[in-house]
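The block underneath contains the structure these notes are about, expressed in structure tokens.
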Amino acid sequence: MDAILLQILNGLDKGSAYALIALGLTLIFGTLGVVNFAHGALFMIGAFCAVTLSRILTLSHQVVDETRKDFLGNPLQVDVPYVYDWFGEAGGSAIIDWAVPLSILFAIPIMLLIGIIMERGLIRHFYKRPHADQILVTFGLAIVLQEVIKYYYGANPIPTPAPAAFTGSFDFGAALGFDPNTIIYPYWRIIYFAFAALIIGAVFAFLQFTTYGMVVRAGMADRETVQLLGIDIDKRFTMMFGIAAAVAGLAGVMYTPINSPNYHMGMDFLVLSFVVVVVGGMGSLPGAVLAGFLLGILESFASMKEVLELLPGINQIIIYLVAIIILLTRPRGLMGRKGVMEE
Amino acid sequence: MFGLNKRDTGLIAIVTVLVILAPFILNPFPEGSAMAQFNAGYPDLMQRFVIFGIFAIGFNLLFGLTGYLSFGHAAFLGVGSYGAIWMLKLFSLNVIPSIIMGVIVAGIFALAVGFVSLRRSGIYFSILTLAFAQMSYALAYSVLTPITGGETGLQIKSTDSPLLSNLEPGEIGRASLFGLDMRSSFEIEMGDWLFTFNTGYYLAGIVMILAFYLAIRITRSPFGMMLRAIKSNQQRLNYTGLNARPYTLAVFVISGMYAGLAGGLMVAMDTQVGPERMFWTASGEVVLMTILGGAGTLIGPVLGAGFIKYMENIISKINKGILEQWFAFMPDGIEDLLITLVYPFVGKGWHLTLGLMFMAVVIFLPGGLVEGGQRIGRVFRRRDRKSEHAEADAAKQRNTPAE
């Protein structure tokens with residue numbers, strides 16, 4: 001029992017990332033009808049927003065420290081971040097420590113902007129072109145974005161730690177009445193899951209309970225009629241693209257402490273996220289979220305030692321295998337609607 | 001000739017001449033000159049031109065004719081490579097059986113993958129092929145290590161002694177064609193120029209010409225017509241009582257066999273395989289080649305493959321020193337500015353250039369380089385003759401997409 005619980009928990013953080021990316025992909029597909037292969041790149045850019053902010057925060061100037069001497073007896077030159085000057089030493093170090101959570105605020109406007117520029121500048125011209133062209137142009141864009149990041153940040157992963165307060169682990173075993181130390185789960189992963197749930201909830205609430213969201217949903221159902229009613233639906237769809245980009249970006253920001261960001265992380269996630277979208281059902285938002293968590297958890301079950309002894313290597317292929325089975329038995333995916341992308 | 005019409009005969013004649021004379025054509029600059037780094041006439045690169053040409057021709061048969069975008073084609077190339085290298089390791093050092101083995105293995109694998117994937121179309125088909133390719137990659141990397149050599153891949157080792165060869169104990173076998181070493185080259189020196197004629201390259205070149213010929217025949221056949229009908233309207237085809245599945249499956253297997261042929265040839269040249277040959281970026285690369293050259297055209301994929309491989313080799317060789325040499329004649333400030341502007345796009349930044357180029361082609365030139373050439377040709381023709389003639393000609397060209 002505790003082993004099963006542990007695997008479910010382990011699957012949640014990866015599942016959260018899949019779900020968030022797949023949600024954005026589906027949002028774009030549902031509103032604009034575009035298959036966005038550059039979505040993984042947006043996830044990666046979000047992660048690098050966190051890297052950038054923590055670099056900005058640690059920008060320092062050199063100060064001569066009279067109290068400390070180097071080996072020649074001269075006063076030591078010390079790097080002092082500017083934030084220390086502004087907020088005092090304690091405040092400054094706290095801000096640097098909390099760089100990743102702070103990046104959320106930093107990343108939202110940037111990602112919105114990138115999303116809107118992308119939609120207005122490039123994707124807009126591809127609505128009437130075949131899906132293959134959309135895939136190809138966004139694939140090209142993904143390569144470009146990835147290479148730009150590689151040029152500025154290098155090819156190596158950049159460790160970006162979580163705030164010190166969250167570095168420990170939580171002992172679920174003890175809390176739930178199992179033996180202590182059987183189910184140990186890092187705090188940051190709990191936060192990641194909670195954060196993902198919050199974002200997903202917010203997106204759904206936005207679509208379900210606001211007038212803006214209602215119009216967007218109406219536009220997804222019947223774009224032409226909404227336009228006939230005198231509503232500028234294109235503008236709202238552009239906004240939705242920005243929001244989808246922001247969701248992917250935030251998923252990336254919060255993922256940095258779990259996996260140090262590198263330039264190809266987006267592509268690694270993208271392939272799997274696409275599988276997730278297809279499994280969930282093209283165009284279905286709840287399907288995307290459900291499939292994301294489901295596949296994340298399945299993946300972590302497949303990497304259990306007992307399973308691996310029975311079926312070696314299954315952890316590497318489980319997601320693809322499930323996708324193949326689902327596509328062949330339920331062609332529309334788990335919760336796909338009729339008539340979406342069927343020809 | 002050979003059942004081809006005049007234009008196709010001309011096309012294949014041009015390709016043949018280009019392949020035979022490639023060592024001359026690709027080495028236009030004398031040894032040791034500043035431009036020598038743009039020479040592409042060395043065996044390794046020329047082999048890659050023709051092998052990836054074969055791969056792209058095969059991919060184009062599927063994508064260009066039927067419109068099914070496979071995102072997992074590298075898997076067939078990889079599987080073919082593994083089949084070929086085992087043949088070299090166990091059976092004979094002659095490359096012919098190993099290449100044939102590569103084609104057969106890839107064909108069988110393509111039959112299995114195609115049988116499942118072709119039940120769906122559109123993006124679902126892309127995802128299914130991608131899933132199969134990623135699965136093969138992951139399996140080759142981990143569980144199938146006894147067969148695939150895992151991360152290190154497979155090479156011909158001194159412990160291998162193929163059935164039909166009499167190697168000394170401890171001697172490392174070399175791939176050969178009836179005793180002709182694949183790596184042997186014949187060099188001609190003419191003044192400052194050095195031309196290399198490599199056995200492996202010519203074998204691959206001949207195979208490519210044959211593959212190209214076969215592709216033309218397939219495209220022009222009733223079968224090829226059927227495939228284009230699938231692309232333009234599958235539903236209408238179904239209404240007329242025809243089932244498209246056997247046709248798509250047949251072309252999928254043929255396309256996979258082309259990939260296996262390319263894989264077998266790769267093994268024949270460098271006698272090694274690794275799982276990274278099946279990674280999805282490799283599948284993406286052949287898509288790029290085909291689109292860049294012109295999907296659905298005959299010569300496009302070959303052009304695209306050559307273009308990408310040439311650029312990859314040449315652009316990634318340019319470094320800061322070379323840039324400084326080029327811009328040395330300019331005033332210092334402008335020189336530095338130009339170097340800073342150009343530097344991100346060359347050397348290690350080659351993929352950035354590729355991505356931008358690719359986007360530009362998809363946005364502005366959906367027909368690829370071939371369409372670019374046609375447009376330029378049309379402009380000139382319009383200038384030559386008066387407008388009516390040219391219009392009719394252009395319309396005719398538009399109606400025959402397979403060119």
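Cβ coordinates are placed from backbone N, Cα and C, and glycine is handled just like the others.
What TrEMBL says about this protein:
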TRANSMEM  B:12-29  transmembrane segment
TRANSMEM  B:49-71  transmembrane segment
TRANSMEM  B:91-116  transmembrane segment
TRANSMEM  B:123-144  transmembrane segment
TRANSMEM  B:199-216  transmembrane segment
TRANSMEM  B:246-266  transmembrane segment
TRANSMEM  B:286-305  transmembrane segment
TRANSMEM  B:326-346  transmembrane segment
TRANSMEM  B:352-373  transmembrane segment
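Taking Cβ pairs closer than 8 Å, the transmembrane segment (B:326-346) reaches residues 315-316, 318-320, 352-353, 356 in its own chain, all 6 or more past its ends. The stretch with the most CB contacts under 8 Å to the transmembrane segment (B:91-116), chosen from B:49-71, B:123-144, B:199-216, B:246-266, B:286-305, is B:246-266. The transmembrane segment (B:49-71) shares the most Cβ pairs under 8 Å with B:286-305, out of the stretches B:123-144, B:199-216, B:246-266, B:286-305. If one looks beyond the transmembrane segment (B:246-266) by at least 6 residues along the same chain, the residues whose Cβ comes under 8 Å of a Cβ in the stretch are 47, 51-52, 54-55, 57-59, 61-62, 65-66, 68, 70, 73-74, 76-81, 83-84, 95, 98-107, 109-111, 113-115, 117-118, 203-204, 207, 211, 218, 223, 226-227, 230, 273, 277.
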